[in-house]
Amino acid sequence: MSATHDGRDAEELRKGQEERLNKVWETPKGWRYWSVVNNTEVGIWYTATSFAFMLFAGVLGLLARVQLAVPENDFLTASFYNQVYTLHGTVMMFLFAVPIFEAVAIVILPQMLGARDLPFPRLSAFGYWCFLIGGVFVSGSIFFGAAPEGGWFMYPPLTTQERFTPGYGPDIWLLGLSFIEVASIAAAVELIVGTLKCRPPGMRLNLMPLYAWYVLVVAGMILFAFPPLIAGDILFELERLFNWPFFDPERGGDPMLWQHLFWIFGHPEVYIVFLPAIALVAMIIPTFAQRPLIGYSWIVLAAVGTGFLSFGLWVHHMYATGLPSISLGFFSAASEAVAIPTGVQVFVFIATLLAGRVVNSVPMLFVSGALAVFVIGGLTGVMVALAPFDWQAHDTYFIVAHLHYVLIGGMLFPVVAGVYYYWPLVGSRRLSDRLGKIAFWLMLIGFNVAFFPMHLSGLMGMPRRVWTYPTGLGLDLPNLISTVGAFIFAAGILIIVFDILRPKGNQPYAERNTWNAGTLEWLSEVPGKSWGVRCVPIIKTRYPLWEQPGFMEDYDKGRFYLADAEELQRETMVTSVLDGEPVQCLRVPGPTFMTMIAAILLGAVFIFATFHWWEATLVAMVLTTISILVWLWRGTSLIPEKAEKDVGLGLSLPLYKSGPQSVGWWAMFITMVGDGTAFLSLVFGYFFFFTIHEDFPPTGAPTPGLLWPLVSLALTAGAWAAAWAALKTNKAGNVAVARVLMAGGTGLALAGGAALVWAPYGAGLDPVSHVYPATVWVLVIWTVAHAAVGALMLAYCLARSFAGRLTPVYDIDIENVALYWHFMAATGLITVAAIGLSPLAA
Amino acid sequence: MAFSRHTEDNLWTLIAAPTVWAFHFLLSYVVAAVECAPNSDIFEPIGGTRLLVAGITVIALVAIGFVLWRSIREWRYHGGGYRHNEDTDLDRERFLEFSTVLLAALSFVGVIFVAMPALTIWDCR
């Protein structure tokens, strides 16, 4: 009797818990739906948007193929054709290939880690809105005939000089994409902190799903690969807008600097695109082989090894630029070396399939197609990594064939496999097996028919990017075949789109864990719940659904951590990096329009700047800053109502952590690493000119001198010391002293910035006259802007302290600002050393 | 958990060897660029630069070799093996050690690859 009674009580308790969780994680209705920040919604928007951009870019690809179908064709004008292929490449790479990684990771990573959400949901939402606005801006330009025409890598001087490229095309490309890069870096911060700090208890590094390893590596790569492009964009745009001669040889500039900065980004980007797609393969293969992946450590080797080696390959895009052959040799060697970890992955997958009993299915079909196509692309990659071969094939259709084999085999096929595999998590139903198979064969056949002949037309000498070609060179037939193949391929894609969009109301739900997989994301209920996970499980194995008995029942009954939301707050768990030991119960923020507003305002800054509306740009900048301050003030480092909370199973965890144990501190650290990389790329530019010029600074040219740079350095060091001392005194309870230090630090930072500006200004350095003053000014502006942000941060802490939102115990704000100031001090030191000391060395 | 006289491995020790590879690569590139970037006298032999690359290479190989030696020794000391899927501190440690071995081996080969052009290329052409 009493046992039944207890059972009923327990049942009631569970019901109450589920009701509370439902209420807390509920998606807002009506127009407020667009204020959602939850990963499940934002991730789906993100994925759908990047797919839409892919379809758009695919249509552009088809237009290009129609133009090339027959010789001497005039289906498109030459100028429009240039816009078409430029946007095809740009949109595919920047608006599909990279964002789809972030999108998919935002959807499935938290599920895979048994987390309710990523640590900064609002940051994900902000990134999404940036991506949408920037993407529409860049893509939309073609409807006004204003799209960029310079190819997806925008080589100057073709693109920097008004006489070659009139109009706004390159500005739209640069500013639109710089804006989207903000979204990528935001996602990288989110995903690194998510992977390291939001794993479920017990999920040690050796038990982490391989997908998470790949996410960690790729997000780390974004942090070092995107900032050089941002630095390049800054130089490029300063040349376009203000005629600062970074790439103009007549005034000491050099177009090669752009190529370096672009490809330091561009080559790792290929792997940033490839690795997350292969990560999907690493999740799909164990499921359909029905056994754990063989060689877990070998995959970690491959992911981390590729991540590093990929930064030593960039010059293999520049073999034909006349660099000394010893330099080419270094890059060629590294390009061959990267084949080792890439090959290891393929062998690990094949070994797992051989050792398991493979279940036939559509995702597996796409995986096998992916491996076959990718290996062919990899082999031509080994060929073009050799400089002498590349000199023959450079800028021909052979390269076009190679890159499409790599990208479509290494990225598109695995992503489609992922769509078929993960659709039941999103749409609660499986996609059609029959349509999937038809689509697969159309895509595989169409792809090879389209792209294989390009190897031949390339070897025959057909250059890339030509608008048309004369008849009788032997190019007619291969081009016609390629065009036919492209349309067969597109038909396959259309079938997938149809399969996704067709109404499935009369089709039964897929059963839960429909493929019998072993990892946590398949705990998801059908139809899905908005709470993410019912409770935060304890992990002891790599494939808990296979290897931990009774796991799903315990999970459903809420027998793990955080099964309830007593205070009606959104919560998830923070754990330690190595072993996943519980550290904190993290309150994550809910819906808000602030992220959308901030993104719109920031978008306005970039769009107004494109059209040179300077007053409007300044106003938008101020409004963006205000909106971000409002967002931070109202939504971050909130003081909880109690210090600790019982998270279940007798465990009590703190609700607030500051310093190196808090997720915010790590986010600041990671952001500043990316920011520092952009700064070092500018410094690289300075020393690039230093090495290529016999005398740099040019003899007799004015220099900033030593006095004012050193004054600035002293003031900046003072601000840095004040920030650090403010943190320590505040922690010790000396709030009044801390406030004085914050105010003093603000003043010192501003004075330091002013002194630094005065150095080149007072010496009369004119950035338009020569590349030397221009590079000095860039370093100065970068440093001063960071000093101003640092001053604003200290002032913010001061205001928070007066408002009672920053106390000796609850001190996230000043912890993070002090961390920022370490980076700022290093920036000031390097700038002063570069602009003050290098003239002495010369 | 204390492993006497042994390093407790973490993500930083994991990437130590490839980081050495990256610095070796960067320095080799910079050394060659500084010598050859003003492309004025391209037939002049660059023996000094090649020796410098050789020196950087030896240092890098010694550093990576140390990581490799340490990780192999500790991995063996902790029982070796290849699976490392247990929910224990020891298995996590072994996993990190074995992955370090693999990455150090790759980095070692990578450094040799990158150094080879300096063996065969004599000037700035």
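Cβ coordinates come from backbone N, Cα and C, glycine included.
Annotation comment: TrEMBL describes A:25-540 as domain 'Cytochrome oxidase subunit I profile'.
Mean pLDDT for the domain 'Heme-copper oxidase subunit III family profile' (A:589-840) in the predicted structure: 95. Under the heading domain 'Heme-copper oxidase subunit III family profile', TrEMBL lists A:589-840.
What TrEMBL records for A:42-64 (among others) is transmembrane segment.
TrEMBL lists A:172-193 (among others) with the feature transmembrane segment.
Look at TrEMBL and you will find A:270-289 (among others) tagged as transmembrane segment.
Residues 206, 210, 213-214, 217-218, 220-221, 224-225, 260, 263-264, 266-268, 270-271, 275, 279, 282, 323, 327-328, 330-332, 334-335, 337-338, 340-342, 344-345, 348, 384-385, 387, 390, 542 of the same chain sit 6 or more residues outside the transmembrane segment (A:296-316) yet have a Cβ under 8 Å from a Cβ within it. Positions annotated as transmembrane segment by TrEMBL: A:296-316 (among others).
Look at TrEMBL and you will find A:328-353 (among others) tagged as transmembrane segment.
Among the features that TrEMBL reports, transmembrane segment is placed at A:399-423 (among others).
As annotated by TrEMBL, transmembrane segment applies to A:435-460 (among others).
Per TrEMBL, the feature transmembrane segment maps to A:593-611 (among others).
Residues annotated as transmembrane segment in TrEMBL: A:617-633 (among others). With a threshold of 8 Å between CB atoms, the same-chain residues lying at least 6 positions outside the transmembrane segment (A:617-633) that come near it are 122, 592, 594-595, 597-598, 601-602, 604-605, 608-609, 792, 796, 800, 805.
The feature transmembrane segment is assigned by TrEMBL to A:663-687 (among others).
Feature annotation from TrEMBL assigns transmembrane segment to A:707-727 (among others).
According to TrEMBL, the transmembrane segment annotation covers A:771-798 (among others).
Stretch with the most C-beta contacts under 8 angstroms to the transmembrane segment (A:270-289), considering only A:42-64, A:328-353, A:593-611, A:707-727: A:328-353. Listed by sequence, the residues of this chain that lie at least six past the ends of the transmembrane segment (A:593-611) yet keep a Cβ under 8 A from its Cβ atoms are 34-35, 37, 122-123, 125-126, 129-130, 133-134, 137, 168, 171-172, 175-176, 178-179, 182, 237, 241, 617, 620-621, 623-624, 627-628, 630-631, 634-635.
Sequence-distant contacts of the transmembrane segment (A:771-798) (same chain, at least 6 residues past either end, Cβ-Cβ under 8 Å): 234-235, 238, 244-246, 248, 251-254, 625, 629, 632-633, 675, 679, 682-683, 685-686, 689, 696-698, 701-704, 716, 719, 722-723, 726, 739, 742-743, 745-747, 749-750, 752-753, 756-757, 759-760, 765, 806, 813-814, 817, 820-821, 824, 827-828, 831, 834-835.
In this chain, the transmembrane segment (A:399-423) lies apart from the transmembrane segment (A:172-193): fewer than three C-beta pairs between them fall below 8 angstroms, excluding pairs fewer than 6 positions apart.
Listed as Cβ neighbours of the transmembrane segment (A:42-64) (distance under 8 Å, sequence separation of 6 or more from its ends, same chain) are residues 36, 75-76, 81, 84-85, 87-88, 91-92, 95-96, 99-100, 102-104, 106-108, 121, 124-125, 128, 131-132, 135, 139, 142, 426, 486-487, 490, 493, 497.
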